[in-house]
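Taken from TrEMBL, the feature transmembrane segment applies to 20-46, 113-133, 193-211, 218-235, 247-264, 276-294. The FMN phosphoryl threonine annotation in TrEMBL covers Thr164.
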Amino acid sequence: MSTSAIRRTLWEVNTALVPGIVGMVWFLGIGVLANLVTCVVVAVLCEASVLAVRKRTLATLLDGSAVMTGILMALCLSPLIPLALLLPGVAIAIIFGKQLFGGLGHNPFNPAMVGYAVLILSFPTQMTLWPSLSSDPFFNSLTINETIAIKLHSDVPDAVTMATPLDQMKFRGTLTTSEVWASSASFGTVGGTGWEVINLLFLAGGILLILRRRIDWSTPTAMLLTMAVATALLYDSGSSESVGSPLFHLFSGGTMLTAFFITTDPVTTPISKLGRCLFGIGVGLLVVVIRSWGAYPDGMAFAILLMNAATPLIDHWTTKRSTAVVTP
């Protein structure tokens, strides 16, 4: 693929994120925009600095990859996270997750997920504070002044935070799924309130990219089908031991964002269609395992990084197998 084609694809992917971004701002507040601006600016500055040190042309900043890393980092983070934590997270993503390996096309791990994983391991409390939501987004939205105070001073009032639907489902004790659903306004029709709309918007952006042949359909399809089948097997008719319904897991947290905008990264995922399907299956299984029994409620970043690490082995097995099949 030519440089211009890569640049065009990256910017189209960035554009396809816009519907989901609008949904997140609508339901989660202006803090999402603060994260976006900060992460993108820091990502571009870090990229420019490393390129200057490496004596590479700054024209590569226009390819959109640094902007994409900043956007993905921002969308994975709570709108209540202090701005000061964004700086090291994005810097690690660009410098250690991407440029240390040689830049775009050479990094074995998704840079945004590297930065996110470092932040959630280092600052678990700040990373898991999310604003409370209801069916009326404006009812719970913080004012601009309140958001600025939280972002700058890290002073988050308990009244504006709430455990995410994934948290509540995971740590509900002896409640059945129907009981925990009825006990909190943070649950919507099939997923988390607000989150089901946000996931639908990212799904729409992903489908657009598939129709325009900018991403391959096999990885997100394999991931989503695996999650649906695994959670259906574990649903247990909604008892207190149930992990939640398939629809709940598909339309809560960062499922669709991960499926269509992170698992489809051509650099850190397998090259063959079979390999991409195996990658998607692996991510789907790991997400369900981490959500059900792990220490973190979502687990998308760790699932992606683990499968990134497995990509060379998947490529070795699938490309070797494909060659063996077609060889006379």
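Glycine is no exception: its Cβ is also placed from the backbone N, Cα and C atoms.
All annotation found in TrEMBL is predicted automatically rather than curated by experts.
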Stretch with greatest number of CB pairs under 8 Å, the transmembrane segment (218-235) reference, 20-46, 113-133, 193-211, 247-264, 276-294 candidates: 276-294
For the transmembrane segment (247-264): best-contacting stretch of 20-46, 193-211, 276-294, by Cβ pairs under 8 Å: 193-211
Count of other CB atoms lying within 10 Å of the CB belonging to the residue listed as 'FMN phosphoryl threonine': 22
Secondary-structure category, per DSSP, in which Thr164 (FMN phosphoryl threonine) falls: coil
